[in-house]
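Trainee: Structure incoming, see below.
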Amino acid sequence: MNNIHDHKILILDFGSQYTQLIARRIREIGVYCELWAWDVSEEQIKEFAPNGIILAGGPESVTAKDSPRAPEYVFTAGVPVLGICYGMQTMSEQLGGKVIQGVGEGEFGYAQVELQTQSELFKSIEDAISDSGKPLLDVWMSHGDKVSEIPEGFVTVANTETCPYAAMANEEKKFYGVQFHPEVTHTRQGKRMLEHFALDICQCDANWKPASIIEDAIERLKQQIGDDEVILGLSGGVDSSVVAMLLHRAIGDKLTCVFVDNGLLRLNEAQQVMDMFGDHFGLNIVHVDAENRFLDAMAGEADPEAKRKIIGHVFVDIFDEESKKCVNAKWLAQGTIYPDVIESAGSATGKAHVIKSHHNVGGLPDDMEMGLVEPLRELFKDEVRKIGLELGLPYDMLYRHPFPGPGLGVRVLGEVKKEYCDLLRLADAIFIEELHKADLYNKVSQAFTVFLPVRSVGVMGDGRKYDWVVSLRAVETIDFMTAHWAHLPYDFLGRVSNRIINEIDGISRVVYDISGKPPATIEWE
């Protein structure tokens, strides 16, 4: 088997919102890469031994005195370097070129660049031909500053009407700079440019594939764990489910999964988890029915942050109790994924800001004397899903809309009661079922129902009823950082509303949330 980490790209992060996207694109090409902060040491780079380095974008201005710079070793390491946006500007400035501050003439959004010179990076790539017979590329720009003079040894590869150096290259040293963003889908041939860089220029083999990743993970788990036993908190979500399947393949019945039913799950979800992992896949699962314990702990509490913390604390207490019963367990498995690792590194340097407290299993007791097993910590979410498919998990489960860790605890507004959860479960199930029937489920990024703790008058037959209100929420988004409300057809919404009001005793009104993010968040709490 080829070592999936033999060939690799190092991406240095200067703070761009697109940096993780670069890493995901390189991984999609089949090449392993890691994302590090820009201020790494020469020793760290040497130890990582990348086949190529990408300098990502960032919000700073190269013209500012204290703006970040690439380590000098990047340009003497003898490996290809690709600078993207800010990365191109700092490369240019550090190698003797010049960058000028943009004054009212930056480029933001769609642009067309004209190729002036042949380059390995743009080999056989074009979107159109200019009047003068030169290749044109549709790209996505997002810059104020621009390179005004390229370093010695570089040639101009592409330009736009307002940007004389939209791409530059030193083919001898294999240094390349692009002012646009090849990692975003708006740059139509962007992935091919990154393929040229990773596969042709850096000479990486495309070994980073789901089957190889699984093989490598299982081998490493066997070496790490040996004959010991492992305990895993299985939620039925994507990450913990894939961890469970990997560990089951690696160590079989030496894995104990603890599934805590907190009473805040979707309709029939607890039974589905037990059926799939227990009956179908044959995993060793401890099912803890803790609905009353969670609801009792939250009684009278209406504050969303407080509810999240209570749910987290009760889970930790239960998991701690169950782990003590597994007297031979030496290892605790977690579904940590690569963005969690990046985020915690960011918060360690003070660059990350928490908007809502995270509800991962990261809050487990410090005094659990176990080693930590994190088989997904190198993987992005889309990679985890692909691995799940390869391991035999159903598509519908892996590509289901996101569900918050606290579950219905943050979809019942205010105080959480069993009655509210039961009504919400039924309403949400109808909404999701109708989305599937209308072939709309995969056309929206996330859809769910929210329980509002207010009563509204309704008319049923000859009588009036005074019952609860639910809100439907559906959004379209690429990255969940911003989102538009989904323009679902009126007749569809009418059908969902009719079914909820007619089939669920206790709900008298259905509303549809048409708030975007920002200013609203996707979840109500």
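Heads up, the Cβ atoms here are built off N, Cα and C, so glycines get one too.
Pasting the feature list from Swiss-Prot:
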| type | residues | note |
| --- | --- | --- |
| ACT_SITE | CYS85 | active site, nucleophile |
| ACT_SITE | HIS181 | active site |
| ACT_SITE | GLU183 | active site |
| BINDING | SER235, GLY236, GLY237, VAL238, ASP239, SER240, SER241 | ATP binding site |
| DOMAIN | 8-207 | domain 'Glutamine amidotransferase type-1' |
| DOMAIN | 208-400 | domain 'GMPS ATP-PPase' |
Trainee: With a radius of 8 angstroms around the mean position of the C-beta atoms of SER235, GLY236, GLY237, VAL238, ASP239, SER240, SER241, what other residues of the same chain does the ATP site pick up?
Mentor: LEU234, VAL242, VAL243, ALA244, GLY335
Trainee: Just to confirm my parser: what is the rounded mean pLDDT across the domain 'GMPS ATP-PPase' (208-400)?
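Mentor: Its mean pLDDT is 89.
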Trainee: Run through CYS85, GLY236, GLY237, VAL238, ASP239, SER240 for me and report the recorded positions whose CA is within 10 Å of the CA of HIS181 (active site), in sequence order.
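Mentor: Checking each Cα against HIS181 (active site), the hits are CYS85.
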Trainee: Compute the C-alpha separation of GLU183 (active site) from the residue listed as 'active site, nucleophile', stating it in Å without decimals.
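Mentor: With the alpha carbons as reference points, the distance is 11 Å.
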Trainee: Please report the Cα separation of SER235 (ATP binding site) and CYS85 (active site, nucleophile) in Å, rounded to an integer.
Mentor: 41
Trainee: Sorry to bug you, but what's the C-alpha spacing from the residue listed as 'active site, nucleophile' to ASP239 (ATP binding site), rounded to the closest Å?
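Mentor: Cα-Cα, rounded: 33 Å.
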Trainee: Any idea what the Cα distance is from VAL238 (ATP binding site) over to CYS85 (active site, nucleophile), rounded to a whole Å?
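Mentor: Roughly 34 Å, rounded to the nearest whole number.
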Trainee: Round to the nearest Å and give the CA-to-CA distance linking SER241 (ATP binding site) with the residue listed as 'active site, nucleophile'.
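Mentor: Cα to Cα, SER241 (ATP binding site) and the residue listed as 'active site, nucleophile' are separated by 38 Å.
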Trainee: For CYS85 (active site, nucleophile) and GLY236 (ATP binding site), determine the Cα separation and express it in whole Å.
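Mentor: The Cα atom of CYS85 (active site, nucleophile) is 40 Å away from the Cα atom of GLY236 (ATP binding site).
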Trainee: Rank the recorded positions GLU183, ASP239 by how many other Cβ atoms lie within 10 Å of each Cβ and give me the one with the fewest.
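Mentor: Ranked by other Cβ atoms within 10 Å, the recorded positions GLU183, ASP239 bottom out at ASP239.
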Trainee: Say we define neighbours as other CB atoms within 10 Å of the CB. Which of the binding-site residues SER235, SER240, SER241 has the fewest?
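Mentor: Counting other Cβ atoms within 10 Å of each of the binding-site residues SER235, SER240, SER241 gives the minimum at SER240.
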Trainee: Using a 10 Å radius around each Cβ and counting other Cβ atoms from all shown chains, which of the binding-site residues GLY236, GLY237 yields the largest count?
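Mentor: The residue with the most neighbouring Cβ atoms within 10 Å is GLY236.
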